[in-house]
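Undergrad: Next up is a structure, given as structure tokens.
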Amino acid sequence: MEIFYYMVFGALAAVVAALELSKSNKDRINTSSAFNSFKNNYLLVYSLMMAGDWLQGPYVYYLYSTYGFGKGEIGQLFIAGFGSSMLFGTIVGSLADKQGRKRACVTYCITYILSCITKHSPQYKVLMIGRILGGIATSLLFSAFESWLVAEHFKRGFDQQWLSLTFSKAIFLGNGLVAILSGLFGNLLVDSLNLGPVSPFDAAAVFLAIGMAVILSSWSENYGDPSESKDLLTQFKGAAVAIASDEKIALLGAIQSLFEGSMYTFVFLWTPALSPNDEEIPHGFIFATFMLASMLGSSIASRLLARNTVKVESYMQIVFVISSGSLLLPILTNFLVPSPKVKGGGISFSGCLQLLGFCTFEACVGLFWPSIMKMRSQYIPEEARSTIMNFFRIPLNIFVCIVLYNVNAFPITVMFGMCSIFLFVASILQRRLSAIGDKPKSGEWTMLKEKNAEAELLDDA
């Protein structure tokens, strides 16, 4: 492995350690022992859930290929996962608001464990069922847990600012440290112990089962709006009208879709970008480096969120501009830096520049997650939190499915250029959100519920 990778990893590790160790009282939030106990319980569960997810990611494509499936068939399996998340995600999100967020989190564990079990079968139909189950689980992972946390946080009477502490720690651990350890653990199972490509999925099922046991034994139930016996269609309509009637919610949804769509596209593109001539690159080590960069971003976010003088709506404008510029690097290096014509070998000079840019983008990802969580907790109404959050994922999943289907139709520079434009648009929308963010809520959700009630009375008449 070239020394360049060690230098980048070591530099990032040193900066993250320095940031964490140098935190002053201004960078810390004074909390109660009751909150710390609550926070640590959630962080334990969230870390176990993310371990179950991260263990699978690096080996899904590899497992399918060992079963003899080609690129086209594997692409269809991936599309099935995102399509499932798009079609069924909103339904399960609404059920989470209606039937309980704790039940939804337990359903995530069961669904994802079943998805892991299907990986033992080489049958295409069984694997397709597994991808559908995985898509449903992904929707629950990115909505039910956050919805439970926000509702439970306020139900217990904790300070609103303390919520940002939980968000930043969850991303630092779950999307950073746990991701790195999961990658190393998966590598140990597959390469060192020679247990085969299905072993990370078995390990993931074990972590999910442990997390489910903790949820069942220590979490209480909370709901969105249990007082009203609405059917799913009414909930969907209510969530859609809430997004359409409140500009802040609509802007937040658009920003999230633009950033996450670019992020998931980046996941598919970074490998061919760094090895256009089949250069030998250490995928696992680069993945760990990206996760370390994400930890750097979440560490910076925890400092920013701890200060009342810094508005999340303001600094996220800068984050989106930086992320947009970082994904322009593959285009710039393609035109300005000559690419080697020889196949194979180590990473090129342009690849080194792009790797630094990609680490910058991952740092922006680390900043994005706790910040978007904070904004969602402020702007999304509690009554339909999970439903609206999954509505945000519909355009995201449509976009990713289109990208997957046409991944070979456009040059890689065009794809990165598209992502860069999306991120710049997100910065413009964030600027608008910052301008109207301080405006008092005008009771949109209350008026909406009154309209629904009137409509129901008319229907009954």
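The backbone N, Cα and C atoms fix where each Cβ goes, glycine too.
Here's the feature list from TrEMBL:
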- 6-22: transmembrane segment (TRANSMEM)
- 43-62: transmembrane segment (TRANSMEM)
- 74-96: transmembrane segment (TRANSMEM)
- 129-150: transmembrane segment (TRANSMEM)
- 170-189: transmembrane segment (TRANSMEM)
- 201-219: transmembrane segment (TRANSMEM)
- 285-306: transmembrane segment (TRANSMEM)
- 318-336: transmembrane segment (TRANSMEM)
- 348-369: transmembrane segment (TRANSMEM)
- 390-406: transmembrane segment (TRANSMEM)
- 412-429: transmembrane segment (TRANSMEM)
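Could you tell me the structural context for the features on the list?
TA: When Cβ-Cβ distances below 8 Å are used as the criterion, the transmembrane segment (43-62) is approached by residues 74, 78, 105, 108-109, 112, 116, 138, 141, 145, 166, 169-170, 173-175, 178-179, 181-183, 185-186, 190, 197, 200-201, 203-205, 207-208, 210-211, 214-215, 219, 283-284, 287 of the same chain, each at least six residues removed from its ends.
For the transmembrane segment (129-150), the residues of the chain that approach it from at least six positions outside its boundaries are 42, 45-46, 49, 53, 77-78, 80-86, 88-90, 92-93, 96-97, 101-102, 104-105, 107-108, 111-112, 114-119, 163, 166, 219, 222, 224, 373, 376-377, 382, 385-386, 389-390, 393, judged by C-beta separation under 8 angstroms.
Sequence-distant contacts of the transmembrane segment (170-189) (same chain, six or more residues past either end, CB-CB distance under 8 Å): 42-43, 46-47, 49-51, 54-55, 58-59, 195, 199-200, 203, 284, 287-288, 291-292, 294-295, 298-299, 301-302, 365-366, 369-370.
Nonlocal intrachain contacts for the transmembrane segment (318-336), taken as residues 6+ away from its ends with a CB within less than 8 angstroms of a stretch CB, comprise 255, 259, 262, 266, 273, 350, 353-354, 356-358, 360-361, 364-365, 367-368, 371, 412-413, 416-417, 419-421, 423-424, 426-427, 430.
Same-chain neighbours of the transmembrane segment (348-369): 4, 8, 12, 167, 171-172, 175-176, 259, 263, 266, 270, 273-275, 277, 279, 281, 286, 289-291, 293-301, 316, 319-320, 322-323, 326-327, 329-330, 333-334, 337, 339-340, counting only residues six or more beyond its ends whose CB sits under 8 Å from a CB of the stretch.
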Undergrad: Would you say the transmembrane segment (390-406) and the transmembrane segment (6-22) are in contact under the rule of three or more C-beta pairs closer than 8 Å, pairs 6 or more apart in sequence?
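TA: When sequence-distant Cβ pairs are counted, the transmembrane segment (390-406) does not touch the transmembrane segment (6-22), since fewer than 3 lie under 8 Å.
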Undergrad: Quick test of the contact rule: Cβ under 8 Å, at least six residues beyond the ends. What residues does that give for the transmembrane segment (285-306)?
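TA: Non-local partners: 1, 5, 8-9, 12-13, 15-16, 19-20, 23, 26-29, 58, 161, 164-165, 167-169, 171-172, 175-177, 179-180, 183-184, 270, 274, 312, 315, 355, 358-360, 362-371, 374.
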Undergrad: Does the transmembrane segment (74-96) reach the transmembrane segment (412-429) with at least 3 CB pairs under 8 A, where each pair is 6 or more residues apart?
TA: no
